[in-house]
Structures are given as structure tokens and as C-alpha cells.
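TrEMBL has this to say about the protein:
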TRANSMEM  20-39  transmembrane segment
TRANSMEM  51-70  transmembrane segment
TRANSMEM  177-196  transmembrane segment
TRANSMEM  203-222  transmembrane segment
TRANSMEM  242-268  transmembrane segment
Amino acid sequence: LFDGIYPFYPQQRKAAGFNISTTIVIVVFLTLACSFLLIIPGIRGRARLYWTLRVLLSLFVGVVIVVVQFTGDWETGWVQANTSYKSFSHAVVSADIGLHIGLSGVNVTLKGNPVNQINETINYNEHFSWSFDADYDHNYNQGLEKGLPSPILYVAEKFTSQSPCAVHRQYCISGHYASATLWVAFCTWIISNILFSMPALVYGGYMLLITGAFTIFSLLSFSTVRNSPMCLIQIGTATLHVAYGVSFWLTLVIGLLCFVAAITIVALHHLNLDLLKTFFDLREDKAEEYQEMAEVYVNPHFVNKEL
């Protein structure tokens, strides 16, 4: 005790409203999109629609591949329960407890229902990282020293390396490989855009196909965590269950979108090249292509000269 007060935060804690890395990535891609929209009026005819569709879809694929690296909702779960709030206290609060699992760690959310209870504001969002440059157990011990609420420490303890649940190693390895394959997918996405601009359309389609493949590989890597049975997270009389979150399903949509776009491009290259060139604004004007010269000027000196 410190002057009769339990060792807790000296100031009111506030839940994180956004992720800084995610915000930076979104702002960068929005800047690129806005820059393109400024020059779109200079493109004439139907090509304007084709350019808009290609660029916005490409930017959407790129931003999703990067953003899901930093999000924390690959797996999510929520439960409402009546639970103890602090250690060495009999106070019970009604709260919503959330678990958000990402590629680099977990976020545990505790929000009172209502927020103001027992003369305190109950609204927490704590992150525990297992990335290469972080030590999850050390982060958990820091949470103990700070005096985090009991529900947060209870949920976070399930993912420590010493926990009987034994899911820490599986989540670390799966998250690291999923992140690595997504970065490879981002590199192949850049190469595909370069090939489309050269233009080498069929090779750009092949590279987009590889982008979709590595995106799906990341999902397969992360889904291997289901091979390890998850311990029951019992909070009061309620049980917290997790399921695949928004980032997982959004990554799946991007992978399938890359597959569909790549197969369409490769098929059009072999079946209807003119249509593909029209979509990429590469088809030459037929009148100019087959235009015949109206007059020919010949130098008599070269005509009479023996070759």
C-alpha cells in the first residue's frame, strides 16, 4: 500500500484510440490516391475510368497488405462478465473484456459497463508484444509492477512462455512467418506494378498471381495456431472465446482478388489481347496503324545509282 492506496496508475489511464503505425501507412496511401485523383481529369475518354479502376484497386491491395502487419485483430473475442477489479480487493465490477491477437502481440481490453464504477474510470487497452525486438514475459512482468487490473493480467498470462497453455511459441512462430510472407507479397505487388507500367502485361499478371499466393500463405501460416488447443479463458461465470477477425478475412479477400485479377489478365493476354490493351490504355489507333502515305518523294540520284 502507498498512503492507503493500492499500487495503481498515478494518473487516469486512457484506452488507445488508434495505432500510430497503421495511421501512418493509411495516410501515405491516401496521399498517393489523392495525388492520382488530381491528375485524373487530364485523361480523356473511357481511359479515365480504366485508369481510376486500376490505380485504386492496386492501392487498395497495397495498403491492406501493409496495414494488416500492424493491426491486432487477426483473432478477436469479447465477453461481458462480473469480475474482481484489483488484487487484494473484494470489489467486483461489471465490464467487457476483449482479446485481440495480431501478428506481433496481443491487446487486452477492459471497459467498464458503465465506464465509471467504484469511483474510477475503467477503460484500458494494454498491448503485450512478442515481436523479435520484444520480450513478452518482460512486458507481462512490467504489467504486474504497474498494477494492471486483474482481468487484463489473467488474460495476458495465458500467452506467457511459462503458461500451462503452451501457446506462446506457436503464436510467435506463426505470426513471424505470416508477417514475412506478407512482406514478400508487398514486394511482388510493387514488381507487378512496375511490369504493368513497362508495359509487360502478362508478366505483371504472373507477378500478381505470386502476390496472391504469398498472401494466402500468410493465412495458412497464421491458421496453424489452431493446431494448439487454446486454454479456456474463464472470467467469472463467462468464457472468452476467440475467432478469426477482420484482418484475417480482409487478407483473404485481397488474396482472392489478386488471384482473380491475375488469372483474368493472363487469360485475356492469350484470348483477347486487344481488349487487354484497351483496358491498360495501350491499343494504338487503327487509322494511324494502317495509314498509307499519300505522297512519296524520291531522290533521282539514288534511283539511278547501282546498288
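Every residue gets a Cβ built from N, Cα and C, even glycine.
Automatic prediction, not curation, is the source of TrEMBL annotations.
Listed stretches 20-39, 51-70, 177-196, 203-222 were compared with the transmembrane segment (242-268); the greatest number of C-beta pairs under 8 angstroms is found for 203-222. If one looks beyond the transmembrane segment (20-39) by at least 6 residues along the same chain, the residues whose Cβ comes under 8 Å of a Cβ in the stretch are 52, 55-56, 59, 62-63, 66-67, 70-71. Counting residues 6+ beyond its ends, the transmembrane segment (51-70) has Cβ neighbours under 8 Å at 19, 21-22, 25-26, 29, 32-33, 36, 40, 43, 102-104, 179, 182-183, 185-186, 189-190, 193, 196, 211, 215, 247, 250-251, 254, 257-258, 261, 279-281 in the same chain.
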